[in-house]
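As given in Swiss-Prot:
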ACT_SITE  C381  active site, nucleophile
ACT_SITE  H508  active site
ACT_SITE  E510  active site
BINDING   S13, D148, I149, E150, K188, T189, K190, P191, T192, Q193, K224  CTP binding site
BINDING   S13, K188, T189, K190, P191, T192, Q193, K224  UTP binding site
BINDING   S14, I15, G16, K17, G18, I19, D71, R240, D241, V242  ATP binding site
BINDING   Y54, G354, L382, G383, M384, Q385, E405, R463  L-glutamine binding site
BINDING   D71, E141  Mg(2+) binding site
DOMAIN    292-534  domain 'Glutamine amidotransferase type-1'
Amino acid sequence: MTKYIFVTGGVVSSIGKGIVAASLGRLLKNRGLKVTIQKFDPYINIDPGTMSPYQHGEVYVTDDGAETDLDLGHYERFIDINLNKYSNVTTGKIYSEVLRKERKGEYLGATVQVIPHITDALKEKIKRAASTTDSDVIITEVGGTVGDIESLPFLEALRQMKADVGSENVMYIHTTLLPYLKAAGEMKTKPTQHSVKELRGLGIQPNMLVIRTEEPVEQGIKNKLAQFCDVNSEAVIESRDVEHLYQIPLNLQAQSMDQIVCDHLKLNAPQADMTEWSAMVDKVMNLRKTTKIALVGKYVELPDAYLSVVEALKHSGYANDTAIDLKWVNANDVTVDNAADLLGDADGIIVPGGFGQRGTEGKIQAIRYARENDVPMLGICLGMQLTCVEFARHVLNMEGANSFELEPSTKYPIIDIMRDQIDIEDMGGTLRLGLYPCKLKPGSKAAMAYNNQEVVQRRHRHRYEFNNKFRPEFEAAGFVFSGVSPDNRLVEIVELKEKKFFVAAQYHPELQSRPNRPEELYTAFVTAAIKNSN
């Protein structure tokens with residue numbers, strides 16, 4: 001029988017529910033249990049694919065092409081699993097499916113209501129996420145805060161699950177903030193008490209509290225919370241601020257969180273062996289070198305827009321015993337005249353993805369600086385496309401060369417819309433999304449990065465591709481197409497072989513990086529940057 005764990009949040013948003021859920025998932029996985037995890041997002045968008053990065057942060061893409069919340073990146077990196085489209089559910093997605101069924105007459109004339117139709121659809125998503133992965137345990141995080149009007153149908157579905165599958169198969173974990181008033185010198189439990197009271201008013205009694213705090217929590221405070229919130233005192237778990245996120249699973253294990261969960265759900269599983277994880281954390285805490293990487297992006301005011309990129313750089317740094325000193329460079333600020341001032345102290349330059357015209361000329365100048373000064377450079381998605389545009393303009397002398405996306409009237413559309421995208425008008429969910437194969441050119445830097453594999457599978461999110469009619473001119477000038485689709489139609493990786501490292505990929509390699517298994521192309525880039533710093 002599958003066990004269901006539901007993680008809710010109270011008092012304030014952005015309290016770290018996703019990290020708690022991911023950390024618990026890692027602990028349960030290391031007990032030998034098969035774990036999956038999902039995120040419920042109460043917003044009305046179908047998915048975050050068309051949302052501004054300033055609103056939502058990065059869009060995380062799964063193997064099967066779902067555009068999802070960035071928390072799924074935390075889940076995959078912590079638990080080291082590949083999630084699917086059932087792992088992110090929004091209000092918009094649920095209502096869209098229910099209304100589509102109503103239009104088809106599938107409800108046989110019934111009045112369609114929040115209860116039972118919306119709540120039934122939500123419960124079906126929970127069960128489908130578990131069944132499609134054959135999991136022993138599924139962890140479901142509900143976004144937002146208890147008390148938000150948008151969350152009510154989600155919480156009602158969670159309440160009903162207890163009756164549907166039995167109380168011994170369900171556990172409710174509530175994460176809250178325990179504020180510390182410096183002037184008074186004391187922690188305040190009242191916000192947590194009120195949050196739990198509101199949750200109980202919706203029919204959910206939490207079995208565990210995870211309290212986010214900046215200061216150590218005395219046992220007396222835990223006992224008080226246990227008494228007023230009706231949970232066992234040992235089930236009041238402290239989640240203190242840490243230097244590195246990957247410390248959190250170890251901190252939670254030290255408080256027997258996973259054992260309490262297993263006892264409640266009657267899961268007979270051995271103790272979690274966290275030896276490898278602990279060694280990784282110890283290494284992360286004691287890195288001996290530092291390498292400066294300049295990230296040239298459009299959305300640098302909100303680092304969450306590049307969360308997976310940053311994590312992938314860190315992972316590759318760990319593998320090289322190196323801390324990454326990230327220099328955020330706004331692409332709008334980069335010009336041919338100041339590129340050296342902005343980028344001259346960087347050991348490597350990364351140009352990540354994005355959409356739209358703004359900042360693209362700055363990215364092109366950053367790429368030009370890297371090429372002309374032989375600074376290791378990694379381009380991702382739009383960064384790959386602009387790498388091709390930069391080469392066309394400044395090496396092949398194609399004045400005005402551009403991407404058709406950015407300038408439809410350009411004489412040299414180096415990047416063009418994919419053939420199967422021409423007649424598509426909707427923006428959401430219509431990109432080339434998910435896992436696709438990439439055939440590597442033997443002897444190339446890309447092939448060497450991937451240990452001379454013939455084919456790698458990587459995740460994509462794009463609508464435009466390199467225009468193949470320009471391939472002969474590029475190749476004649478030494479531009480290497482080192483990764484292509486198996487049918488040779490789509491360009492996946494480009495590089496300049498004579499440079500220290502000048503490689504750009506159409507796909508998003510960062511989405512498959514893990515703290516104990518860094519993505520190979522990122523590792524090759526970071527390794528080249530380290531050599532460049534010596």
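Here the Cβ of each residue, glycine as well, is placed from N, Cα and C on the backbone.
Taking a C-beta cut-off of under 8 angstroms and a sequence separation of 6 or more, S13 (CTP binding site) has the following same-chain neighbours: G144, T145. If you take the CA of G18 (ATP binding site) and look 10 A around it, the binding-site residues you hit from Y54, E141, K188 are E141.
Cβ environment of H508 (active site): V61, S308, G353, I380, C381, R458, R459, H460, R461 lie under 8 Å away, each six or more residues apart in the same chain. When the alpha carbons of Y54 (L-glutamine binding site) and T189 (UTP binding site) are compared, the span between them is 33 angstrom. Over all protein chains present, the Cβ of T192 (CTP binding site) has 27 other Cβ atoms lying within 10 Å. The L-glutamine-binding residues named in the record, Y54, G354, L382, G383, M384, Q385, E405, R463, extend over a maximum Cα to Cα distance of 23 Å.
Between the two most distant C-alpha atoms of the annotated ATP binders (S14, I15, G16, K17, G18, I19, D71, R240, D241, V242) there are 19 Å. On the 0 to 100 pLDDT scale, the domain 'Glutamine amidotransferase type-1' (292-534) averages 93 in this prediction. For K188 (CTP binding site), the spatially nearest entry among the binding-site residues G16, D71, G354, L382, R463 is G16, judged by CA separation. Here the Cα atom of M384 (L-glutamine binding site) is found 56 Å from that of K224 (CTP binding site).
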